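Asks: Annotation source Swiss-Prot lists active site, proton donor at His89, citing sequence analysis. Annotation source Swiss-Prot lists 5-amino-6-(D-ribitylamino)uracil binding site at Phe22, Ala57, Val58, Glu59, Thr81, Val82, Ile83, Phe114. Residues annotated as (2S)-2-hydroxy-3-oxobutyl phosphate binding site in Swiss-Prot, with sequence analysis given as evidence: Gly86, Thr87, Arg128.
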Amino acid sequence: MKIIEGGLAAPQAQIAIVISRFNSFINEQLLAGAIDTLKRTGQVADDNITVVRVPGAVELPLVAKRVAASKKFDAIIALGTVIRGGTPHFEFVAGECNKGLGQVSMDFDIPVSFGVLTTDSIEQAIERAGTKMGNKGSEAALSALEMVNVMAEFK
């Protein structure tokens, strides 16, 4: 029996991080966690990491699609924060972002790691951006690194 699992070191990988500016005080912490993990765990060089900033979470899938279509990257990490408010806007934004990023991955055969927080409060978002619930940006980077190595097994 053959078991394929991806390691975390991917020093030659080209990684794109697409990040929303909306809720930037949280997203910048996610970005710091992702970059730290890519460099320290994945051994990815600065020159192999590209950061693309977009206005909000709704724009993440479109830009991720363009990044994927460029064929220059081995994985994409999407980072953002969507916080529930008093209107149904949260469901629309979170749902379309999730669906769109998943579609990019399937359409372009590239790992798209979902590091978009969807929380009920600012406090929950802060907890997931490097305080008591860990850093979801770092976790998204770990997923991207592992998937780069898994996908390489099928080339």
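Every residue gets a Cβ built from N, Cα and C, even glycine.
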Asks: Reported as an integer number of Å, what is the Cα distance between Phe114 (5-amino-6-(D-ribitylamino)uracil binding site) and Gly86 ((2S)-2-hydroxy-3-oxobutyl phosphate binding site)?
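Replies: The separation of the Cα atoms works out to 24 Å.
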Asks: Given Thr81 (5-amino-6-(D-ribitylamino)uracil binding site) and Arg128 ((2S)-2-hydroxy-3-oxobutyl phosphate binding site), what distance in Å do their CA atoms have, once rounded to a whole number?
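Replies: Thr81 (5-amino-6-(D-ribitylamino)uracil binding site) and Arg128 ((2S)-2-hydroxy-3-oxobutyl phosphate binding site) have their Cα atoms 10 Å apart.
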Asks: When you measure from the Cβ of Ile83 (5-amino-6-(D-ribitylamino)uracil binding site), which residues in the chain that are at least 6 apart have a Cβ under 8 Å away?
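Replies: Expected: Asn23, Phe90, Leu117, Thr119, Asp120, Ser121, Ile122, Ala125.
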Asks: For the binding-site residues Thr81, Thr87, which one has its C-beta crowded by the most other C-beta atoms within 10 angstroms?
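Replies: Counting every other Cβ within 10 Å of each candidate, the maximum falls on Thr81.
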Asks: Below 8 Å Cβ to Cβ and six or more residues apart, same chain only. Which residues does that give for Phe22 (5-amino-6-(D-ribitylamino)uracil binding site)?
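Replies: Within the chain, Phe22 (5-amino-6-(D-ribitylamino)uracil binding site) has Cβ neighbours under 8 Å at Pro55, Gly56, Ala57, Gly80, Thr81.
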Asks: Give me the non-local Cβ neighbours of Glu59 (5-amino-6-(D-ribitylamino)uracil binding site): same chain, 6+ apart in sequence, Cβ-Cβ under 8 Å, ordered along the sequence.
Replies: Ser20
Asks: Return only the integer: C-alpha distance in Å from Val82 (5-amino-6-(D-ribitylamino)uracil binding site) to His89 (active site, proton donor).
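Replies: So the alpha carbons of Val82 (5-amino-6-(D-ribitylamino)uracil binding site) and His89 (active site, proton donor) sit roughly 10 Å from each other.
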Asks: Write down the Cα-Cα distance for Arg128 ((2S)-2-hydroxy-3-oxobutyl phosphate binding site) and the residue listed as 'active site, proton donor', rounded and given in Å.
Replies: 21
Asks: Among the recorded positions His89, Arg128, which residue has the fewest other Cβ atoms within 10 Å of its own Cβ?
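Replies: Counting other Cβ atoms within 10 Å of each of the recorded positions His89, Arg128 gives the minimum at His89.
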Asks: Specify the nearest of the binding-site residues Gly86, Thr87, Arg128 to Val58 (5-amino-6-(D-ribitylamino)uracil binding site), where nearness means the distance between Cα atoms.
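Replies: Nearest listed residue in space: Thr87.
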Asks: Once the chains shown are all counted, how many other Cβ atoms turn up within 10 Å of the Cβ of Gly86 ((2S)-2-hydroxy-3-oxobutyl phosphate binding site)?
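Replies: Gly86 ((2S)-2-hydroxy-3-oxobutyl phosphate binding site): 6 neighbouring Cβ atoms within 10 Å.
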Asks: Quick check on the binding-site residues: of Ala57, Val58, Val82, whose CB has the lowest count of neighbouring CB atoms inside 10 Å?
Replies: Val58
